[in-house]
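S.K.: Sharing a structure here in structure tokens format.
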């Protein structure tokens with residue numbers, strides 16, 4: 001009788017007959033032959049054939065399954081077609097395993113092939129000869145061990161105050177050299193902050209004699225990552241457990257109006273990019289082009305010329321060869337060089353390839369635009385008006401360039417600062433490269449995202465209890481990252497630890513909707529987004545409040561908006577919606593809150609490599625419906641969508657893709673998540689190649705009216721090289737009638753999102 005099974009990697013696991021049954025049933029569904037009862041009977045035959053083996057291998061079991069399918073007959077039915085489907089699937093899995101082995105990766109988490117390719121190129125540790133020396137699970141263990149060990153410091157602080165050790169404490173005999181380095185550095189941070197007593201040697205004696213809960217949290221952190229329920233940002237995955245030790249994804253650096261300040265910032269940028277971080281800047285302090293330079297009596301070259309220097313530096317660094325550097329460049333709308341800035345990424349100029357650019361706009365700009373008024377272009381050095389220009393002229397230039405090149409986007413500065421919980425520290429003038437994280441000068445933030453596709457149970461409901469557990473674990477993890485971090489610049493350490501911002505976000509939202517059988521472009525989808533994100537935001541706040549009771553409030557809490565409301569928080573912000581481009585590949589889910597880009601598409605990653613992807617949920621659905629075929633997959637791959645494919649209309653609605661969705665639905669979804677997000681939302685408003693400038697203007701204005709903090713559009717094929725390509729053929733644009741109907745149907749709750757009721761404003765009493 002079978003008791004255990006030997007897996008391909010040699011590990012032994014308990015035998016589960018149901019796995020055989022489901023494998024057979026899935027093959028039956030793909031050819032529309034057989035029932036669950038048939039599958040159960042065939043599985044019984046497989047088990048009977050193996051009755052003399054107590055511990056067969058996976059390969060042995062699969063060989064018997066093939067033979068049973070080829071030779072069995074039930075009620076006159078034969079299953080040779082099912083056997084063929086099973087054999088083809090088995091062969092496909094074998095080819096994938098072989099390709100993973102050729103990459104030198106031992107995949108102990110059964111990740112997708114694309115995930116393994118990304119891990120092999122960027123994340124898994126290698127020796128001096130370039131040979132991979134860890135598995136994906138070991139990578140997550142490395143990260144968990146680096147982050148979780150700082151729990152020991154808080155156990156020590158508590159012990160010094162109360163004389164108690166945690167109930168789950170375990171004595172640590174010896175920590176690794178890397179863990180000791182993390183502890184020594186974090187101990188120093190806490191000593192500077194005045195929250196820890198004694199010497200480092202006394203602390204080490206404590207964990208080796210009294211014990212710590214660090215082991216418990218290390219295991220929990222590893223579990224939540226290895227299950228792909230939660231994945232932290234790329235620098236944490238790449239640098240945790242290494243000498244580099246820099247764990248944050250996003251930074252904002254100030255750019256002062258002097259050569260000394262500019263090149264000090266450039267040096268800091270290089271250090272950040274070397275460690276895998278991205279940087280955001282406002283160049284609005286720089287004197288305009290042709291302004292006088294006091295020291296030489298010459299003329300200034302202006303912000304755009306200095307941006308080019310930052311761009312070239314980024315290109316040279318290439319973040320240690322692991323990923324391309326990224327920058328956000330912002331210039332306020334009333335800077336004298338605003339028109340040059342807006343045109344700086346025109347295809348004719350071909351500069352700033354390592355920059356996203358956005359115009360910083362305020363409520364005053366939109367007032368002038370609505371009243372057809374003039375904007376005063378003010379020299380930031382002298383504060384004098386250099387020129388007056390119609391707001392409409394600036395707006396038209398922004399829209400025209402966004403249509404041509406997808407840049408610039410908009411950053412709504414007043415909206416950001418209305419929701420700034422630490423006004424006592426300063427105003428926010430910039431964001432990280434993708435726009436989701438508004439930050440103070442010298443501030444950094446570490447991000448991580450929950451894979452929502454993992455929380456749909458029974459095909460119809462969301463497991464909020466398990467989601468709550470993950471939110472609390474992830475919030476604790478991200479707070480620990482701040483202490484485990486090795487900051488590239490002293491000032492960044494100071495500001496980051498002062499505000500302790502963290503950014504918990506989501507990915508796999510489109511997958512969640514598909515599993516729930518809800519179209520992305522529907523009011524029901526907006527309601528799900530609202531329900532899920534409000535839950536995550538509330539629970540992350542509760543988790544941060546619990547950490548504040550346990551560890552203390554963030555230092556800048558005193559005088560903050562949180563203190564005014566009497567709410568003790570460990571972190572000034574807790575939620576951010578990041579784009580999750582790479583970590584969603586690792587997790588095997590859809591990106592961020594984006595719809596599916598295509599059901600079949602080519603993804604350009606890793607310096608020119610291409611990954612061909614077919615959506616696994618679509619493949620699963622077609623097999624379930626018994627309509628899967630290679631011919632159908634090839635047909636879908638022509639455009640990446642189902643618009644011209646003869647298939648069930650309900651399936652078409654559920655598997656709607658980004659370019660089939662009217663831009664207004666994209667903006668509505670961004671606004672819905674923004675209402676329940678402390679920081680910002682990175683979302684691309686995808687448009688078809690034949691979208692008009694009016695479409696872009698409508699989306700930009702809608703984002704402002706719905707209290708988004710920024711907006712980026714992308715008209716298909718508006719860049720010469722784009723990250724995602726869907727199929728090879730064009731699809732027709734929805735009729736204008738659909739757009740008109742959409743606007744007519746829009747309920748007040750989404751048209752009139754008042755900032756005083758926005759949960760992204762922590763107190764609910766933000767100034768208008």
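Any Cβ shown, glycine's included, is placed from N, Cα and C.
According to Swiss-Prot, the feature active site, proton acceptor maps to 432, 436. Among the features that Swiss-Prot reports, active site, cysteine radical intermediate is placed at 434, with the record citing similarity to another entry. Positions annotated as substrate binding site by Swiss-Prot, on the basis of similarity to another entry: 234, 249, 250, 278, 432, 433, 434, 435, 436, 579, 580, 581, 582, 583. Taken from Swiss-Prot, the feature disulfide bond applies to 250-445. Taken from Swiss-Prot, the feature domain 'ATP-cone' applies to 3-97, supported by sequence analysis.
Thinking about packing and proximity, how do these listed features fit into the structure?
M.R.: DSSP classifies residue 432 (active site, proton acceptor) as coil under the three-state reduction.
In the shown protein chains, 27 other C-beta atoms lie within 10 A of the C-beta of residue 434 (active site, cysteine radical intermediate).
Taking a C-beta cut-off of under 8 Å and a sequence gap of six or more, residue 436 (active site, proton acceptor) has these contacts in its own chain: 503, 505, 576, 577, 578, 579, 679, 680, 681, 682.
According to DSSP, residue 250 (substrate binding site) sits within a strand segment. Around the Cβ of residue 250 (substrate binding site), a 10 Å sphere holds 31 further Cβ atoms from the protein chains shown.
On the 0 to 100 pLDDT scale, the domain 'ATP-cone' (3-97) averages 89 in this prediction.
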S.K.: Between the Cα atoms of residue 445 (disulfide bond) and residue 250 (substrate binding site), what distance do you get, rounded to the nearest Å?
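M.R.: So the Cα of residue 250 (substrate binding site) lies 6 Å away from that of residue 445 (disulfide bond).
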S.K.: Counting every protein chain present, what is the number of Cβ atoms, excluding its own, within 10 Å of the Cβ of residue 234 (substrate binding site)?
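M.R.: So the Cβ neighbour count for residue 234 (substrate binding site) comes to 25.
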S.K.: Over all pairs within 234, 249, 250, 278, 432, 433, 434, 435, 436, 579, 580, 581, 582, 583, the annotated substrate binders, what is the largest Cα to Cα distance, rounded to whole Å?
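M.R.: 18 Å is the greatest Cα spacing among the residues binding substrate.
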S.K.: Rank the recorded positions 432, 580, 582 by the number of other Cβ atoms within 10 Å of each Cβ and report the first-ranked residue.
M.R.: 432
S.K.: Between residue 580 (substrate binding site) and residue 434 (active site, cysteine radical intermediate), how many Å separate their Cα atoms?
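M.R.: Counting only the Cα atoms, the answer is 10 Å.
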S.K.: For residue 432 (active site, proton acceptor) and residue 234 (substrate binding site), determine the Cα separation and express it in whole Å.
M.R.: 14
S.K.: Measure from the CA atom of residue 434 (active site, cysteine radical intermediate) to the CA atom of residue 250 (substrate binding site) and give the result in Å, rounded to a whole number.
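M.R.: That separation, Cα to Cα, works out to 9 Å.
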